[in-house]
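One structure is given below, encoded as C-alpha cells.
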Amino acid sequence: MTLFDNISRHNFKAFLWHAGFLAFAQNFMDVDTVIPAMVVESGGSAMHIGIITAIMMGGSSFTQLFFAPLVNNSKYKKNYLLYGINLRVLSLIALTIVLYWFSSRHSIYIFWFVFVFISLFSLSGAFANISYVDIFGKTINQNKRKSFFALKQIIGGVIVLSTAFLAKKMLSSFDYPTNYSIMFLIGATALFIASLGFWKIKETEPSGIKISGFNNFIGSMLNEIKVNKKLVYFLGFINTQGIVISFIPFVMLYAKETFNTQGSDTGEFLLFKVIGVVIVSFMIWLVNKKVKYNTILYSNVFLSILLALLILLINNVDTLKYIFILGGIVISLFTITMNGLLLEISGNENRALYAGFAGAGNIIPSIFPLIAGGIISKLGYAAFFIFFMLIISFSLYFILKIKCSR
C-alpha cells in the first residue's frame, strides 16, 4: 500500500488519539515519581530502586535486541503493537489487584509481586515500541513528523497537567496501598482507551529486510554500524544523555531518605514535573520549524548538568519540588530528540531494525540504575550526582558528530 496524503492524515489522527489518552494515563503510572514512591512504600531500598529502574528505563529497551528480529520479519506489525499495549493494560490491572488484596496479608512478598508485574509492564512496552516506531515512520509523511511530536507534546502536556491535580488528590486522600491501587486502575482504563487508536491505523506494507535468527540480527547491526556512522554516534548519544530517564527515581529516594517525604509530597513532585513537560511542549511547538535538533541536544546537556548541581545545593523539601520542573523539561527534551533522531538516521526498510539497534546499544542506561544504587549505598548521594554529571558531559562529543541537518 503506497503512502498517500489521506492515509498519512488518517494515521496522524489515530496516533494523536493514542497520545492523548496515554497522556491521561501517564500520571497514574508515572515511572519517574509514582512507581518509585510505591516501591519505597512497599519496603524498597536504594538497590531495589536501582533494580526496578534498570528494568523500567534501561532493561526494557535492551530487550528490544531480542524482539526486533521477530517483529522485523513480519510484513505487518500492527498486531504486535496491539499485543504489547494490551499486555501493559493487563499488567496494571494485576498490580491493582495485588496491591489492594494482598498487601496487608502478605506484606513480605508484596515487593516481589510488584517486581514481576512492573517488569511485565516495562517489557511489553519495549515490545510494542518497535512496532510503533516502524508503523509511525512508514505511515506518517516525513514533513509532518516534527509537527506531530510537537503537537503530541502540547496536547499531552495540557492533559497531563489537568490530570496531575487528580493524581495528586488520589495520592494524598488515601493511604498506602489503596492510593496506588486506584492510581493503577485509572491508568489501566485510560491506556486501554488509548489502544483503540491503534485499531484504526492503516498500515502500509514495507519492503522490509528479512532477518533469520539472532546471529543474523547482530550481523546486520554490525554491518549498519560500518556503513552508517550516524548510527554509531546515535548509540553513543543514547548511552550518555540517555541516563537522564533513570535519574528522577533516585531523586525520589533522596527526598524520602533526606526529608522523609510522604504521599502528598509525591503528588506535588509529580505536578511540578508535569509543569516542566508542559513548558517544554509549548516551547518546542512554537519553535519546531526554526530550531534544529542539535540546538535542543546541546541545551539539554546543559540543563541535565544544572539539574544535578542544583539538587546538591538544596537543603529543604519546599525548594526541592521546583527541581522536578527542570526534571520534566530534561526528560521531555530527551524523548523528543531521541525519537526524532532515530527517524532521521533510518529508512522505511530498516526502521524496525534500528529500533532494535537502539535497544541493543542501550547498555549504559540499562546498568546505570544498578551502579547508581551501589554508589548511593556505599558513597552517598553527592558521589552519585557527580557521577551522573560526568556521564552526561560525554554526550557533547556524540552530539557534535551527529550534526543533524533538521
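Glycine too: its Cβ is placed from the backbone N, Cα and C atoms.
Copied over from TrEMBL:
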TRANSMEM  12-29  transmembrane segment
TRANSMEM  49-68  transmembrane segment
TRANSMEM  80-102  transmembrane segment
TRANSMEM  108-128  transmembrane segment
TRANSMEM  149-167  transmembrane segment
TRANSMEM  179-199  transmembrane segment
TRANSMEM  231-255  transmembrane segment
TRANSMEM  270-288  transmembrane segment
TRANSMEM  295-314  transmembrane segment
TRANSMEM  320-342  transmembrane segment
TRANSMEM  354-376  transmembrane segment
TRANSMEM  382-400  transmembrane segment
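The listed stretches are 12-29, 80-102, 231-255; of these, 12-29 has the most Cβ pairs under 8 Å to the transmembrane segment (149-167). Looking at 12-29, 80-102, 108-128, 231-255, 295-314, the range that has the most CB pairs within less than 8 A of the transmembrane segment (179-199) turns out to be 12-29.
With a cut-off of 8 Å on Cβ pairs spaced 6 or more residues apart, the transmembrane segment (231-255) and the transmembrane segment (80-102) reach fewer than 3 such pairs and are scored as not touching.
Between the transmembrane segment (295-314) and the transmembrane segment (108-128), the number of CB pairs under 8 angstroms, six or more residues apart, is fewer than three, so the stretches are not in contact.
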